[in-house]
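The structure appears below as structure tokens.
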């Protein structure tokens, strides 16, 4: 009777676990839409609501005037974390959806940028002003450049280049900026736009408008002051030509005519032999009559996508692509347990060096270019496997209606070509006792950002053993300037009159970890040598490594500076939850990075990227500290509205708290001749792993039925044990390659 009662209790407990698991999955699915990007209908509803408010005086964003009030950016405003968790962990009602709207008020005596929170969606009835930490104001000069402003920049460049038409025409072999037909010049504008807060003056360099124009500088750069909202009052402050500075355009033209300056004559341009094109050249031994290997799903996909909710091999998460900054995931769970509330891209920078004024001024801070909106169509078979699930995105930036980006995000499962684990158990008699192996499958969530010349490929990868990887791969064209002999101190000559400028890429992430709950602590681990008498041979000593753990008490103590020794392990754990073996349940962050600082601490533009001081900083979670950067930092890094240093200045306790890890990864790129025509991805990928560290009782990938075990029976024959079909089907799509690449308003 007692045994029967025990069995009944066990059945009830197991049933309760199943119910809890099903309920947790249901709540995760229920809450995922809280993080979904705004729909086109929501965008239009917010636009119409705000344009109907006479006190705002909004007009079309694409109107040519700069003296206007208009919407610059619209994106989802995230709910407060504790409100979101009520829906995710208890199945309660989701908080109302809200929109964050950036409005540029240019048509008033004191132009300003104001952020507005509009709610509720989809039928808004109210709005309120959003403020930044410390109530920092947003300078109007810090706003991103719009299409309207670019149209006026083109206008002043036409006037400038008309005055030096002969210089440019003879220098380039028949190219011109104004009145051109098939041999045109284009331009690249450099940021930040000035040398101190409140300025808006930009160095602009001219390039040949050919395929891959980024690496075709012509040796002409001009500094334009465009702060005034009346483009007729814009001025030229400096001109640079072939290593020489001039105060006026007319001065350059005059000296050129008189023959008193060193002239440039670029090699003749030939479309058939264009070094910047992708058209194949050179010898190859690879067969061209057959395709290379392809990724297939013999019985269909093993993951599930429902809106912005994804499930795969124990994982579940919600995703979005924030228009200002890019790819983010929320409510990351493995086997129903939350690992992280948020893992999100915050910022990407590329700081350059050079000899020309444009090169030495180039410090790109990419959220300022609305990096998240630059996720154009992905090519099947190249950007993602043909079998991937492709998803569309919508953005509202510098526009008057939502813009549709087709196939801008993809999800796919792939094999890495490397076993997740394997072992050949030798019997040392010419055979084996057993072989065991598990193929390594991984789910990939991918999008891209083409920020002018550079292409970033953003990946989140989910492994079967509870490991998540965040990775960025850099490709695209290098940022090149006109070659001068002194330029060799700042890069490599990659073609005639072309210098590939050295630069450092840094990428910043927010990792809001919730390890077995919100109460977490943080420690680092290092090794030290210990020397002691050998216990079984007293006349000898033993020297070996010993594990040393450091509990970090406060935010300042957990901010690790570049240039200082970084710990071997950084470990986040729940002091109140233990695994079966008595260890506190935890996850560690493991780096794949070669990052270093880009400027001395406190030096001018470095104030805007104070997060770049630290490969890792740990803070307490606060809804008032949602991001480490902003779209305004690019054009005002000197007095930024978001200063990451403020987050750790109060040095709060981080013991048994809701913790956020701020992670910086990156690499130095000294361009070289192999970067022509393009920078390739191998060796240019960095990121980090979230790896379980005593979180589970054993490797959770043991649940995978893809394991294969082979044993040698007495007759010497192999006996194969497997849990998946013995025969694998083979299938590749019979559809021809198709790529459109367009995006448009809807």
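Along the chain as shown, the residues are counted starting at 1.
The backbone N, Cα and C atoms fix where each Cβ goes, glycine too.
Automatic prediction, not curation, is the source of TrEMBL annotations.
Worth saying up front: this structure is predicted, and the values here are computed from it rather than measured.
Quick look at what TrEMBL lists:
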type	residues	note
SIGNAL	1-21	signal peptide
DOMAIN	53-126	domain 'Copper amine oxidase N2-terminal'
DOMAIN	143-243	domain 'Copper amine oxidase N3-terminal'
DOMAIN	294-702	domain 'Copper amine oxidase catalytic'
ACT_SITE	366	active site, proton acceptor
ACT_SITE	454	active site, schiff-base intermediate with substrate
MOD_RES	454	2',4',5'-topaquinone
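Note: the Cα of the residue listed as 'active site, schiff-base intermediate with substrate' and the Cα of residue 366 (active site, proton acceptor) are spaced 10 Å from each other. Helix, strand and coil residue tallies for the domain 'Copper amine oxidase N3-terminal' (143-243), in that order: 31 helix, 31 strand, 39 coil [DSSP]. Counting every protein chain shown, the Cβ of the residue listed as 'active site, proton acceptor' has 29 other Cβ atoms within 10 Å. In the domain 'Copper amine oxidase N2-terminal' (53-126), the DSSP tally of helix, strand and coil residues is 10 helix, 30 strand, 34 coil. Model confidence over the domain 'Copper amine oxidase catalytic' (294-702) is summarised by a mean pLDDT of 96.
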